[in-house]
Amino acid sequence: MAMFQLNRLLRTYRIQTFFDMLEMELGLNTVYIRTLKYTAVSWLCLHVMACGWFALGCTGKHWGIHEDCGGWTASTGTNFLFPNNNTGYEYVMSVYWATATSTSTGYGDVHAQTLSEKAYSIVAMLAGVAVFFGMILGGMTSMLTNMDSQRAGFTHRLDTIKQYLIEEDIPENAQQQIMNYYNYFWIRKRGVQSEGIFDILPFTFRAEIAFQTNKGILEKTQFFSHHNVGFMRMLTLGLKPTLCLPNQVIAVRGDSASQMCFVHRGEIEVISEDDTPIASFRHGKIFGELSLIFNVPRTVTIRAATHCDLMVLEKKDLHTILNHYPEVMKRLHEMAQQRFNSPNSPLAGLVDVGSSQDGMFGHLTTGPTDDADGAEPESSPGSNRRASSVRRFDRRKQSVDPMTGHRDSIMVSSDAGRPYLGSSAGMDIEDSIGESTGSASLSSHLSTHSRSMSRAGHRKSIMISGSVELLNANLEPPVEEGASCAWCRLKWLDVVDWVSSHVLDPTSIFCRCWDIFINILIFAVCLIHSYFAAFYVTRKGANVGWAVGSSGFIASYLMDVPLLMDLVIRLRTGVFTPNGVLKDWGSIRTHYVRSWCFVLDLCSILPLELFALASHHRGTVRLGLVACLKLNRLIKCYKIPKFFTKVEESLHMNILLARSLKLFAYIILFTHWCSCLLYAQSCPGFNTDKEEWCVEGSWVDNQGLSLKEVSMHHYWISFYFATSTMTSTGYGDIVPSTTTGRVLSMVVMIVGLLLCGYCVSTLAATLANMDAARVEYQGRLTAARQFMKDHGICPNLRRRVVNYMVLMWRKLRGEAVAGSMGLMHDMPLALQQDVAFEEAKAVLEQVPLFQQTDPYFLRELAVRSRAVLYAPGDVIVYSGDITRDLHMIRKGYCEILTDDLAETISLMGPGQYFGQLPLLFGDQQPDTIRSKTYVEMIILTRDDLDDVLSKYPLVEKQFDDLTKIDDFHEELRRSKPGNKEGPSKARIRAYSQIAAMADGKQLDSLFLPNLNRKRSARVFKVYPEEAGENKEYLEPFRQESKAVRILSKVLMRRTFMTSGTWFRIWIALRQVMSAASTFTYTLQAAFMRESWPLFGFNIGLDVCNFVDIYIKLHAAFYNDIQVMVTHPLETARHYIKTNFLMDIIASFPIELLAIPFITDVRMRFSDTPRSISIIRFS
């Protein structure tokens, strides 16, 4: 009857359907769902296989019918007890066979006997491969690939940014700051900007989410509070988040103030002209709201004191919204005017509103101050500064903010001898909390030490009130002359205060080195303590191979000391938080003690082995208890995955190397543990009978190891057994022969399969994601080629388009294309301005239109301009085109052509420009201009120029006046760019090699295999021997030492160009010879040791290898700035610094040194090549 009920197995489709439904839910954790799915499916598969396998082997197991077992259950060489009244035993044996078959282990101790069993075995093998290797390992690979795709994409972009900054000669400090920003951006937001994540939602949803999230920001200032609800809702949509690092500049003095910033997290500070902090603002502060109404420049520089989260509102976004709310616009303008005219304003008497002639902007200017009025002379400059600061505070402490009604809560620096508020028209500060004046108490909670740690220098501080902190670097404790004891007590208190408040920076070198050391120690602890538990105790006592007598755990107890120190160090190490590094000891202690890490760390150092003293057993049994109770140290192994996770999170680490080390550590650790478990199951070490130390019939007993003393031989045999089981090799020379052993072997099989699958899946996912960007761009390139082919584009234009796309890949790695956002669009505006200004300032300063303008105006232009790269032969503009763009050449050379493109009129080089007439007057392009070399062009459009001019009214007026001058238009029309002579051919050739990142033919060979190219390229770069032209060649030799000049005599006067056809042929031959060497040397060392022809062939390969070394000494190369170096001395120096040592070691004739020691008159002549081949292979 039971056989006829098997149709119920069809219900299992519901399990697959259920888990598929769960995987479709985006809000659930896919990792946990797939883990449960694979566990359920694999166990059901093993169960069904086991039942079917047992049904074939044993029949007649029914009520009143005698059970008959045959087939695989009667296999010779096994100790199976079939039939057996113990159903559990029979089930375990069947599952053991099913597991060995499904995991492809196949010890051979259980195998099919009858034809039906062999047919069933075939089905079981295929089902096991489909489930375990197909579904589980395939699903694991897919899951890991998807989980790692985000990091891979971000690291690819970061590498592209790093390469771009190096090529554009951005200063090192700016490069480091940019890299730190993107590293923090990854840690905080995983590289995803929160702006735009709700764009998929309808507009109403987005507006409601933004209003609920950001309305509290606008309510903190009366400037935007109590307005129309619709206006407030639209305004919250314009708030954009941004991140700032400590000491990162947020606003630069003199820049056009076009942003309002709200400090959501962290602390910012106002710095003086000498880079000294004079005021700081914390969470809830707003600055720059007046700049949204007026064209107000930043009159102070603002930077982040800690890690900060800011919410930014742009002026253009506000004006777009105000166009639909004219009544709100009028009210905001009146409130802004009232703010300046209010007698209670903190700005009263410190600033005044100037006319349009007072400056470029026609806005606020700094007024005089009377800080020193009525001040009495002091005995020291420090006391003068302190008294001045106190008077400033006393004079201002009753002032009330007219916008919020709050008293000042700004922390003012005491070393500011000048009025910082008098120059802060572009950064008005609002209070952060409601209507209460007690909101300023936030300032009093910031300790002196935490403030000094977040700034460049250490300053002592004094709290004047609950809302104001005066900072003074020269403030010293009042010590009277002769009071040495009091001074000593004060110094001692300073030392005690420093020790009690000092914590370790988690990013310091010490913390990093300690983290590496403690994880290496934990890895050793996991190996040693598990070995002690399995192999340390023998029938004669402690294993003397690892320790002396009963004191064998001395080394293990020494390892406990760093584990205890690690707990203490964790209590004194800062903690990463969204607001930066938490460095308050009390907060660190609370954070650590309340975490699971503290519980695990504490449990891992508890001396549980003391409970073994309560045991009534003595001798080896007590030693076994001690070894097992010390296994609580293995709890500390949780830090190893966390350490590798932290390493993988670092964007500067080689991810492939880091994961390879992680997988190697996991394989060693799990294989070691499995070997210890397999041995401990056979020889538990608690048996009081020394004659029955190991389980009778266990695999240890079957191997004859139970009667031998425990040594490393036992360990390596167990390690071999575990490895062959985990890797599904299953030689069959060692097999489990007890029920418990088979159960444990099943566990080891599954663990090994999953571990090996995880390793393969991780490496496959890493390699796939490393190449994902190239594959995507390659698909775009293929689509473009197919499109041009389908539409009949001429071959010449197709070649130019594909070449340009290849060039953009080499330049930006597919991260930025025309029409999309820039490469570093998500950086803070100040950083973007720094990078853009470094790129474009050299060419912008060459344009007469922009000469003698304000440098902040140039910074704005630099951000608006864009860099475009042209390949040789690309037409940049045609005569008669209408493009209101200004083109400025940054690198490379262009040629001005006649209208028929047949003749070159003149050349233009770096620093020159064209397009002034179209930019200013909208005229047609007067000339046709084509790139002569690789050209990097800075382009500024009229629309971008107008946007910048709108922030600088006086400059805009000057431009308008300039365009109204008729003589100026005529003069520009008559002027022609370029020069008749042009640069030298050598210089043009040098520039043609810049920006290509590799030789042009190398690019063609990678991406353009079907294009028409020249049949050959120049092979040699030859230096002439004439006296006049030989100076360039000899000059580098004269600068070297005499020894270098003597050795350089072996160099040729020519170098090999990497683009040459014959050089590429030689490279191909080199690869063939390397492969042949690998084959022939191993063949001779193992099988054909007496073959003289093969020995001679290998000698010939060695000669060719030395020729290759000599050729490499003359191979041209690209330096760090992508310029090809062709001088023989430099090529030789480059090769010696790179691969020369490895090549010379691989070719060194070691056999010449060994022949005198292996040649003997008693040896047969034919033994010489045999010995030499072995030495050469080694």
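Quick reminder: no glycine exception, Cβ is built from N, Cα and C everywhere.
What you see is a predicted model, and the numbers here were worked out from it, not measured in a lab.
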544-565, 610-631, 1094-1115 - the one TrEMBL records as transmembrane segment: 544-565
Contact set, same chain, for the transmembrane segment (119-140): CB under 8 Å, 6 or more residues outside the stretch: 34, 38, 41-42, 45, 49, 52-53, 56, 98, 101-104, 111-112, 753-754, 757-758, 760-761
Tally of residues which DSSP labels helix, strand or coil - the domain 'Cyclic nucleotide-binding' (849-949): 26 helix, 37 strand, 38 coil
Chain residues outside the transmembrane segment (663-680) and at least six past its termini with a C-beta under 8 angstroms from it: 523, 526-527, 530-531, 533-535, 637, 640, 644, 699-700, 714-715, 718-719, 721-723, 725-726, 741, 744-745, 748, 751-752, 755, 758-759, 762-763
The domain 'Cyclic nucleotide-binding' (223-339): DSSP-derived helix, strand, coil residue counts: 34 helix, 39 strand, 44 coil
